[in-house]
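The domain 'Flavodoxin-like' annotation in TrEMBL covers 50-187. Per TrEMBL, the feature domain 'FAD-binding FR-type' maps to 200-308. The transmembrane segment annotation in TrEMBL covers 15-34.
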Amino acid sequence: MTELSPVGWLADQRLLWAALAFGSWLLLCWLCLVRPPRPKAMSSVTASEWLIAYASQSGAAQDIAERLLPAFHQHNLQPALLPLNALHPDALSGYSRALFIVSTYGEGEAPDNGASFWQRASNARPDLTSLDYSLLALGDRRYSDFCGFGRQLGDWLDGTGAKAALPRHEADRLDTYVLHAWHRRISQWTGLKLQAPSSAPFSYWTLCGRTQLNPESPGSPAWLIRLLPVGELPDWRAGDLAEVRIGSILRTYSIASLPEDGALELIVRQVVNDDGSAGQGSGWLCCHAEPGAMVEIQLRSNPGFHLPEDNRPGIFIGAGTGLAGLRGLLRQRQRLGCPDSWLLFGERCQQHDRWLAEELDAWTTEGTLLLDRCFSRAGDQPEYVQHRLAAKADQLRQWVDRGASIHVCGSLAGMGNEIHSLLQAVLSPQQWQALQEQQRYRRDLY
């Protein structure tokens, strides 16, 4: 029998342990390659790593984003809550986790408080391989490019190397099923107990009066609708919206009054269908409902159309029922004593479409309002509001240089789109960029 020497035995043991260690290292490398990295547990994620970013036109996406904050605060986390325009694409690399809640405006466009970000992002490809994100896209299937901006943003994020921690959720007109599903998945991903989304309840209001604003006009009748609540008058801000439920249909209207006026007022144009019948919503409000009828209404905040906090000059542009949202803003400025308000308003007939003439003319006489009325059927010189603004381009630039904000309310097709293109054409790139980045360009278009 051969006897092993102590030196030989130790050498064999060292070789064995070295082989085992090398094999373990190879196995670990293989696992790292084939297994995706696990998301960090909530306890290991710091506040500076979290971003909640939103792009919102009517306030819905912003509201959802803000409602996420309490759950983070309960875990001593202070995520950055920002509109997209407040971010540079490169800044996203400073976060490890992000929640994006974005609406689509018009036909696949970014909302105004996301447009500057998107313009920068379209020409940028930062390295976001360290970013995990979830995206909630809000849209309306009645438009051809449903959730268009949300989908573009998701594709862009994927192109930068960012990793979608969850599948993209797309909600049609704030579909509660989709919103609840997204919150459940976010709760599972983060470990946070998120409050399920909820909206303000509908309440009953009494129809107490309506006045036609354009008797004998060649256009469809337009009415000032006045409503009182059953119970205490709730609070709202100029620029907010009223969602009216009539049977199974919902209609959203800009609020034309302030709580200080003592009633909720809407401006509604009576829709006439091709067969001569009245539209369901406008027909009931303007024709069929008797005084004293009950109306179900839900008030909705619209922060993207509120006035700035200071008394800077204001330019207000609208046509038709777009006067509703502008009237609320102008009334608030009158109450606050803000100088330098300029209203450009367009309708059809000079003789019969001087809507709210007594009120607007009084402000003009007092010197608190500069008023330009435009009429598209004014004999030999028809004029749309965008034509008047183009003719006063020098004055527009001067007001913008003085820090004026611009509010546009009315139809997106036609007036809204043409005003948008005109502003881009007549303002300098610096003026246009400042308007967007300082949130001085605000739109309520439908």
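Including glycine, each Cβ sits where the backbone N, Cα and C put it.
Since this is a predicted model, take the numbers as computed values, not measurements.
Look at the domain 'Flavodoxin-like' (50-187): DSSP puts its residues at 57 helix, 33 strand, 48 coil. Summarised by DSSP class, the composition of the domain 'FAD-binding FR-type' (200-308) is 15 helix, 46 strand, 48 coil. Across the domain 'FAD-binding FR-type' (200-308), mean pLDDT in this model comes to 94.
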